[in-house]
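Undergrad: Before anything else, here's the structure in question.
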Amino acid sequence: MLVKSNLVLFSSIILLLIISLPPVFSSIGDRSEEFQTCVNTCVSTVCSQNPTLSLYLRFFAWTCEDECKYNCMHEITDQAIHSNQEIHQYYGKWPFHRLLGIQEPASVLFSVLNGYVHYRYLPLLRRLPDSYYMKKFYIYYAYIGINSWIWSIIYHSRDFPFTEKLDYYSAGLAILYSLFYGVLRIFQIRNFQQTTLWAIICLSAYVAHVSYLHFINFDYGYNILANVIVGMLNNALWISWSISHWYKRPDDAWKPIVCVTLILLAMSLEIFDFPPWWGIVDAHALWHFSTIYLIAYWYNFLLEDARIENFRESKGKKIDRTKFKTNTFKLEKFLHWY
């Protein structure tokens with residue numbers, strides 16, 4: 001029943017996400033006559049004089065025309081706020097206030113913190129015994145996570161077609177890799193041939209997915225649906241693992257269910273989209289903020305799970321829970337900020 005209810009909730013959220021996808025190439029704001037007139041006037045009167053932009057704007061590849069669009073967008077938005085009118089999106093994005101040329105400063109900051117969590121857990125993953133079969137796969141997971149958040153930082157710093165695609169591709173890789181190592185851990189796959197076969201299947205699926213998006217059709221709805229199917233399968237597997245280990249490991253078997261539930265709740269932020277608070281923090285930024293804790297929570301579970309499994313295999317007897325409570329305390333001391 002718990003698995004079914006979580007999957008229903010997950011499916012409902014995803015359906016709403018796909019239905020509510022905003023147009024990316026254009027929006028009501030940038031299609032309006034008022035905006036077009038403002039931009040054309042600015043370009044003809046200001047850009048014709050070849051003004052020199054600030055160094056930080058040039059560093060982030062802002063042009064004079066981009067500057068005109070940015071200023072016109074905020075002029076119209078300010079008028080709408082003062083008149084209590086609806087605030088519109090421009091080119092698929094809310095009118096954010098940039099910071100030193102950074103287009104979405106809140107999302108950039110939260111992406112940095114997400115990447116930092118992955119980085120901070122790398123030393124702990126390396127401390128796992130070399131004999132533990134999942135060690136290298138967890139280390140790869142950390143590096144893939146760092147890579148995905150680096151591209152999130154770049155994309156939210158400056159939105160270009162190529163930064164958007166690399167952000168999407170790296171996020172898709174992280175999601176698929178989570179399923180990859182999840183299957184290895186849940187089904188205890190240690191055989192080299194079986195691991196290689198599963199890796200080939202996942203890699204082939206990823207290459208086919210990216211090739212379709214890059215060379216045939218960059219379909220936003222398809223991309224979200226593909227990632228959602230993979231994520232849903234991974235979540236269902238971990239929930240099933242939790243239920244099957246409920247009596248064997250009562251102290252921690254429930255943690256994957258909690259993590260999945262929190263992820264679903266955090267994803268709902270993407271549905272209830274709203275204009276950014278103070279022109280900086282929108283629902284997408286809050287989604288990135290919420291995952292900071294969830295990543296740390298999940299790493300704590302993986303590390304505890306690794307210690308329990310390794311201890312069980314090496315000792316072949318009942319687990320001494322006090323040993324792992326001590327380790328957890330040391331972990332929290334090491335990550336005092338968490």
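Numbering starts at 1 and runs along the chain as displayed.
The backbone N, Cα and C atoms fix where each Cβ goes, glycine too.
The annotation signal peptide is assigned in TrEMBL to 1-26. Sequence annotations record features per position, and here TrEMBL assigns transmembrane segment to 99-117, 138-156, 168-184, 196-216, 222-241, 253-272, 284-303.
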Undergrad: Under 8 Å, at least three CB pairs between the transmembrane segment (99-117) and the transmembrane segment (284-303) (pairs 6 or more apart)?
TA: yes
Undergrad: Going along the chain, which residues at least six beyond the ends of the transmembrane segment (284-303) come within the CB cut-off of under 8 Å?
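TA: That would be 104, 106-107, 110-111, 113-114, 117-118, 121, 124-125, 128, 138, 145, 152, 252, 255-256, 258-259, 262-263, 266-267, 269-270, 273, 276, 328, 331, 335, 338.
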Undergrad: Report, as numbers and ranges, which residues of the same chain sit near the transmembrane segment (168-184): CB under 8 Å and 6 or more residues beyond its ends.
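TA: For the transmembrane segment (168-184), the list is 133-134, 137-138, 140-141, 144-145, 147-148, 150-152, 195, 198-199, 202, 205-206, 209-210, 213, 223, 226-227, 230-231, 233-234, 237-238.
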Undergrad: With a Cβ cut-off under 8 Å, give me the same-chain residues at least six positions beyond the ends of the transmembrane segment (196-216) that come close to it.
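TA: Contacts with the transmembrane segment (196-216): 165, 168-169, 172-173, 176-177, 179-180, 183-184, 189, 222-223, 226.
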